[in-house]
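In what follows, a single structure is set out as C-alpha cells and then discussed.
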Amino acid sequence: MDPISIGASQLQLEIRSSEGKLRGNDTGEKQEDAFKEVITSCRSLSSFETTTIKTAIPQINAAIAAASFHIYVGIALSYSAVLVPQIESPDSDIPQASKTLTSLCASIVVLMVPLGSLIAGYLMDKIGRVNTIKVAIFPAIIGFVVVATAPDVYFILAGRIFMGVACAIGTSPAYVYITEVARPDLRGSLISSAPTIASLGMCLAYIGGAIFDWRTTAWLAIIFAILPVILVQLFVVESPVYLVSKGRIEDAAKSLTHLYKNYPKPDQNESLADMHLRALLRDYEKKIIGNSKLAPELALKENKKPTICQKLSEFKKPTGWKPLLILFFLFFIQQFSGIYITLFYSVTFLQDAGADEIDPFISSIFLGVVRFIMSLLNAWLLRKFKRRFLVMVSSFFMAAFMFISGAVTIWIEEGANELRIVPVICLLGFVCTSMIGLLSIPWTLTAEMFPTSIRSIGHSITFSVANILMFIAVQCYRPLLSILGGSHAVQWFFALFAIFGFFFGLCILPETHGKKLSEIEAYFEKKSPARNRVNASDIYSVSVNNKEIEQMLKRKDTA
C-alpha cells in the first residue's frame, strides 16, 4: 500500500474538516464526504509498493544529481592539503608567504560559505532549488581559474573566496531539495549521499596532489564544477513544494509525474502524482487561510508572500530557536573534535604526529578512500539505526583513537620510531568512526529539524554558523600546537570534545530517525501532534494498513 497517497487522503480529511469550521459549514457532512474519499483511495491504492527501490529510482536519480555538486565541495575543501605544503616548500614558484597567510588560504573557503548561504537562501525562494544549484557553476569555475593562474598568495586567497561562495550556493539547495522530494524511508540515506559524494571529491583532490602539482590539479578540478550542472540538467526536476508555493501548478504536476512515473497506476483515473498535487494545494490553501484573519475567500485572494522579517520572527517560536540552539552546540562539538582540521591539514597533521617517514600524500589518499567507503556505509546505517545512537558510538571511538594517537606521538618524540605507523592507523580509525555519526548527522539534521515555513532560511543560517565555526577551528590548529605544547596535546584536545559529543547525544540531542516532520515540530513545541494532523511535507511518512481500513469500513457500516 502506498503511504504517499493515503497520506494525501488523510490530509484531505483533516483539511476539509478544518475548512468546514472556517466557513461555518456542516462539519459532519464534510467529514462524511472526506471519509468516503479516504476509504475509496485506500482500497484502490493497495497495488502500490513503496518498499521497492524500483519505484523510487526517479527520486534517487534526482537526489543524487542534485547532491552531485558536493564533488566540487570535496575537492575545494581538501585542495588546501595539496596546496599549502607545496607553496610553503622552498622550491615553490609562489613568493614565500607567512604561515598565517597559508593558513588563511586553507580556511578562507569556509569563511565565505555564510555569505554564499545567504545568497543561496534568497535564490532558493526566488528562482528555485534547481536553478540555484546551476548558478554555482560561475563562482566555481572562476575560483579554480584564479588559483591556477595565481602569481602570488593573494590571488590564491581571491580564488579560494570564490570557491567558498560556490560551495554554499551549490550545496544548500541540495539538502532542502532532497528533503522535499525523497520519501521518508530513503530521506536520511539520500541526504547522506551528499557527504559521500564530497568524500569522492576529496579522494580525487588527494590523488591529483600526489600525481600533479597544485596548478594542474586546479585546472582539472574545473571539470568537476561543470559535470554536476550537466547531471542536474538531465535528471533533476524542480521541487513540487516550491512550484506550488509559487502558483506554478502545471509545472508542479509535471514534476510530480516524473518523480512518481515508476509507481503503478491505481484502478481509478486519478494518478499518484495527481493525489500528491491535490494534497499540496489543499495544504497550501489551508496554510494561507489559517495564517490570515480575513475570511477564507479574501485570504486566498489577498495572499501575500511572507517578508524576510516575518520569516525571521518565526525563530522566536520554540520550533525555530530550539533547533537552532541544538545545532549550534552540535556543530561546535563537531568542529573542535578535529574532524575538519584533520581534513584541511591531513598532510601537515601526519607530519606533526610523527608519521613523516610514510609519504603523507599517499596517506592522505588512503584517508580519502576510507572516508568515501565509510560514507557509503553511512547511507545504510542511517536507515537502520537511530541518530542519537550513531552520534554516541561515533564520538566514543573518535575519542579513543585520538587519545591513543596522542600517547603514541609522545613515545615517537622520545625515539620509538617503530610506532610511526600508529598515528596513521589511529587517524584512519578516527575518520572511519567520524563518518558514521558526528561528521554526517549534524548536516542531515539541518534539513529535518526546521518546519517547512522556515526550512530554507533555517538551513542557510545553520549552514552559515557551522562554516564560521569551521573557519575558527581550522584557524586555531597552529595556535593550539603552540599553546597546548605539541601535537599530542592537540590530539587529546580533540578527544575531549569527542567525549562532549557522546554526552550531548546521550542527554540533549533529540531523535529524528523515522519521525514525521510534524512529530519533530511537535517535539519542539512540547506537545503531541494531533492524531490525524498531517502536513503536506509529511505525506510521505503516513501509512494505513489494510486491516485498519477494513476495521474503519466495518465501524462505518455498523453506524
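Quick reminder: no glycine exception, Cβ is built from N, Cα and C everywhere.
Database features, via TrEMBL:
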| type | residues | note |
| --- | --- | --- |
| TRANSMEM | 60-81 | transmembrane segment |
| DOMAIN | 60-513 | domain 'Major facilitator superfamily (MFS) profile' |
| TRANSMEM | 101-123 | transmembrane segment |
| TRANSMEM | 135-155 | transmembrane segment |
| TRANSMEM | 161-178 | transmembrane segment |
| TRANSMEM | 190-212 | transmembrane segment |
| TRANSMEM | 218-237 | transmembrane segment |
| TRANSMEM | 324-349 | transmembrane segment |
| TRANSMEM | 361-382 | transmembrane segment |
| TRANSMEM | 389-412 | transmembrane segment |
| TRANSMEM | 424-445 | transmembrane segment |
| TRANSMEM | 457-477 | transmembrane segment |
| TRANSMEM | 489-509 | transmembrane segment |
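Counting Cβ pairs under 8 Å that are 6 or more residues apart, the transmembrane segment (457-477) and the transmembrane segment (135-155) reach fewer than 3 and are not in contact. Segment contact holds for the transmembrane segment (389-412) and the transmembrane segment (489-509), given three or more CB pairs below 8 angstroms at sequence separation of 6 or more. Sequence-distant neighbours of the transmembrane segment (424-445) (same chain, 6+ residues past either end, Cβ-Cβ under 8 Å): 175, 188, 191-192, 194-195, 199, 323, 327, 330-331, 333-334, 337-339, 342, 349-350, 353, 355, 358, 363, 366-367, 370-371, 374-375, 377-378, 381-382, 387, 390-395, 397-398, 401-402, 404-405, 408, 466, 498, 501, 505, 512. Listed by sequence, the residues of this chain that lie at least six past the ends of the transmembrane segment (161-178) yet keep a Cβ under 8 A from its Cβ atoms are 62-63, 66-67, 69-70, 72-73, 76-77, 79, 108-117, 119-121, 123-124, 129-130, 132-133, 135-140, 142-144, 146-147, 187, 190-191, 193-194, 225, 228, 236, 239, 443, 446-447, 455-456, 459-460, 463-464, 467. If you average pLDDT over the domain 'Major facilitator superfamily (MFS) profile' (60-513) in this model, you get 81. Within the chain, the transmembrane segment (60-81) has long-range Cβ neighbours (under 8 A, six or more residues past its boundaries) at 53, 105-107, 109-110, 129-130, 133, 136, 140, 143, 163-164, 166-167, 170-171, 173-174, 177-178, 181-182, 186, 190, 193-195, 197-206, 209, 214, 217-218, 221, 224-225, 227-229, 231-232, 234-237, 259, 340, 343-348, 364, 368. Within its own chain, the transmembrane segment (489-509) has Cβ neighbours under 8 Å at 326, 329-330, 333-334, 336-338, 341, 352-353, 387-389, 391-392, 394-396, 398-400, 402-403, 405-406, 409, 437-438, 477, 480-481, counting only residues six or more beyond its boundaries. The highest tally of CB pairs under 8 A with the transmembrane segment (218-237), across 101-123, 135-155, 190-212, 361-382, is held by 135-155.
Long-range contacts of the transmembrane segment (190-212) within its own chain (CB-CB distance under 8 A, at least 6 residues past either end) are made by residues 59-60, 63-64, 67-68, 70-79, 81-82, 86, 171, 174-175, 178-179, 182, 220-221, 224, 343, 346, 361-362, 364-365, 367-369, 371-372, 374-376, 378-379, 382, 435, 439-440, 443-444, 447. Sequence-distant contacts of the transmembrane segment (101-123), counting only residues of its own chain at least 6 positions beyond either end whose CB sits under 8 Å from a CB of the stretch, comprise 76-77, 80, 83-84, 87-88, 131-132, 135, 139, 153, 156-157, 160-169, 172-173, 340, 344-345, 456-457, 459-461, 463-465, 467-468, 470-471, 474-475, 477-478.
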